[in-house]
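Step one of this worksheet: look at the structure below.
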Amino acid sequence: MPMQGAQRRLLGSLNSTPTATPNLGLAANHTGAPCLEVSIPDGLFLSLGLVSLVENVLVVAAIAKNRNLHSPMYCFICCLALSDLLVSGSNMLEMAVILLLEAGALATRASVVQQLQNTIDVLTCSSMLCSLCFLGAIAVDRYVSIFYALRYHSIVTLPRARRAIAAIWVASVLSSTLFIAYCDHAAVLLCLVVFFLAMLVLMAVLYVHMLARACQHAQGITRLHKRQLPAHQGFGLRGAATLTILLGIFFLCWGPFFLHLMLVVLCPQHLTCSCIFKNFKVFLTLIICNTIIDPLIYAFRSQELCRTLREVLLCSW
């Protein structure tokens, strides 16, 4: 993967553009036409990564500490936090190496840097794939708990959850290794885009179906108690708003990154696409933001987990 001036992206296989300068302005492409280039300062990028790192470490520690949280659902949430932790940690490591190389504080041979680059690439890609997979696994788990409530504990057992988790990690590591090895092939990038779209469709279908079932249940309760219809409509609106936020955050945080991959395949030399490529670091930052938001959506809404988290924090003091 090529050098990108003084700063080089260790995900250079995905980013064919130089790192942005610390401002927001119009940068010229190779034809001199202006391009909107949004720069993310290194300090902000590292700060967001640190927040994500601390947040997800706390989630993993809380789930590991409390045996009541060793259920399949919390195992998936723990693995989501762990994969998000690796996403933010690998990007922070990448940025730290870039800054050290740029400052001349890290002097090493090119072969060593290349090996480190490949290692971080595999770690980053596998953790991203794991994060997407566990978001889908959580959606499936919630779907089964609602539509097969009486059989849930016989369907989603802890051994099955552990096997699914192991399969996700192994498949993610193997596929990311192949991705790094064959990153110049368009089919590889398209497979990643298709995978993202499949996860998006899966989550949308499952959560919309769950919302429809919840609305039917609420409607049945209102009829039983002879209440007015607006109460049910209010519940439906709240559920729709929650669903929109959930899927909207997922799409807004992950979509630009996979749009970048798709454009690398479809229009690598097009002027408009080249302008989009200049904002690659913004797309990575959005993914880091998603790793910060995930615990707020999936973990911290649990009273049991929050109580354990307070115990962990008190013990650390």
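Cβ atoms here come from the backbone N, Cα and C positions, even for glycine.
In terms of which side of the membrane each occupies, Swiss-Prot places Glu37 apart from Gly220. When Asn15, Asn29 are compared in Swiss-Prot, the N-linked glycosylation site annotation sits on Asn29. Panel annotation: around the transmembrane segment (192-211), residues 129, 132-133, 135-136, 139-140, 142-143, 146-147, 179, 236, 239-240, 243, 246-247, 250-251, 254-255, 258, 261-262 of the same chain, lying at least six beyond its termini, place a Cβ under 8 Å from a Cβ of the stretch. Other C-beta atoms found within 10 angstroms of the C-beta of Cys315 (S-palmitoyl cysteine) number 9, with every protein chain shown included. When Cβ-Cβ distances below 8 Å are used as the criterion, the topological domain 'Extracellular' (184-191) is approached by residues 13, 178, 261-262, 264-265 of the same chain, each at least six residues removed from its ends. Secondary structure of the topological domain 'Extracellular' (267-279) per DSSP (helix as H, G, I; strand as E, B; remaining residues coil): 7 helix, 0 strand, 6 coil. Secondary structure counts, DSSP: the topological domain 'Extracellular' (184-191) has 6 helix, 0 strand, 2 coil. DSSP gives Cys315 (S-palmitoyl cysteine) a helix state.
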